[in-house]
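Visitor: Once you've had a glance at the structure underneath, I'll fire off some questions.
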Amino acid sequence: MSSCNTSTSGHSTFLLTGFPGLEASHHWVSIPINLICVVSTLGNSIILFLIRTDPALHEPMYIFLSMLAASDLGLCASTFPTMVRLFWLGAREVPFDLCAAQMFFIHAFTYVESGVLLAMAFDRFIAIRDPLHYATILTHSAMTKVGTAILVRAVLLNLPAPILLWRLLFPQISVLSHCYCLHCDLVGLACSDTQINSLVGLISILLSLCLDSSLIMLSYALILRTVLGIASPGERLKALNTCVSHLCIVLIFYLPKLGLSVLHRVEKHSYPALAVLMANLHFLVPPFMNPIVYCIKSRQIRQGILKRFQEKRVDVS
């Protein structure tokens with residue numbers, strides 16, 4: 001248990017939490033989680049490789065997809081190591097510095113992914129609203145600026161959080177709620193005043209996830225308005241079909257966050273194992289599903305994969 005009787009600043013040790021009540025079965029429980037991580041890493045690496053090496057995929061939509069795959073890989077790299085140590089080696093201890101660093105990268109890559117999803121929504125809106133000027137609006141220079149802005153925003157919004165953690169006092173041993181370090185979890189364990197930290201965290205979420213989700217909904221409202229103005233039913237269906245993959249990824253990204261938020265406020269203490277499972281899915285499902293969705297829905301991605309396999313077969317022959 002955490003105790004503030006012996007509190008320190010910057011020298012605390014945090015204990016990760018697996019699935020409450022299933023500690024004896026962590027090896028078995030971790031198998032599907034580790035499999036998801038491996039498939040996520042391979043799938044997003046393949047997407048990045050295809051887009052980088054295939055000139056036919058050097059289009060704005062696929063360049064944004066490569067940014068999404070890169071952020072998914074970063075998220076896997078941020079969460080996977082501590083999960084492996086916890087479930088396979090039983091190592092729960094995480095020093096303060098490592099915990100603060102993991103917290104920064106988890107939230108930063110989450111904000112990057114949210115920003116990329118917003119950029120992809122804008123991409124779909126331009127493609128449907130003004131297809132003749134699509135290539136002149138979304139140039140390589142413009143996409144570079146957008147990608148840089150997304151990355152800089154994620155860093156600036158998350159940089160104050162680990163810095164402000166150093167001013168807080170923590171128990172010598174603190175028990176976390178999950179198998180990785182999150183800002184709200186760390187702030188909740190502090191023994192000193194956390195009003196500034198909570199305010200910074202709230203502003204960070206409002207200027208990232210909340211703002212992005214609102215603008216994505218606005219983009220789809222404008223897309224729907226544009227599509228309804230198309231006379232031909234066939235053209236309407238074709239236009240909407242170009243948004244299906246992105247819409248699926250948006251739902252996969254935001255729905256687990258909504259479910260976790262509701263669970264934390266309603267039944268977190270009644271079903272602790274369910275809360276931990278939802279928290280893991282919250283970060284594991286989007287990197288796992290994104291490559292699958294685009295491989296299923298994108299003909300160009302499927303053709304790129306088949307082309308690589310055919311080249312390998314010819315080389316072997």
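Yeah, the Cβs are placed from backbone N, Cα and C, and that goes for glycine too.
Pulled from TrEMBL, these are the listed features:
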- 43-294: domain 'G-protein coupled receptors family 1 profile' (DOMAIN)
- 31-51: transmembrane segment (TRANSMEM)
- 63-84: transmembrane segment (TRANSMEM)
- 104-126: transmembrane segment (TRANSMEM)
- 146-166: transmembrane segment (TRANSMEM)
- 199-224: transmembrane segment (TRANSMEM)
- 236-255: transmembrane segment (TRANSMEM)
- 275-296: transmembrane segment (TRANSMEM)
Visitor: Hey, which bits of the same chain come close to the transmembrane segment (199-224), Cβ under 8 Å, at least six residues off its ends?
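Guide: Sequence-distant neighbours of the transmembrane segment (199-224): 107, 110-111, 114-115, 117-118, 121-122, 124-125, 128-129, 153-154, 157-158, 160-161, 164, 183-184, 187, 239, 243, 247, 250, 254, 257.
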Visitor: Given pairs 6 or more apart, does the transmembrane segment (146-166) have at least three Cβ pairs under 8 Å with the transmembrane segment (236-255)?
Guide: no
Visitor: Hey, which bits of the same chain come close to the transmembrane segment (236-255), Cβ under 8 Å, at least six residues off its ends?
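Guide: Same-chain contacts beyond the ends: 68, 113-114, 117, 120-121, 124, 127-128, 209, 213, 216, 220, 223, 226-228, 230, 285-286, 289-290, 293-294, 297-298.
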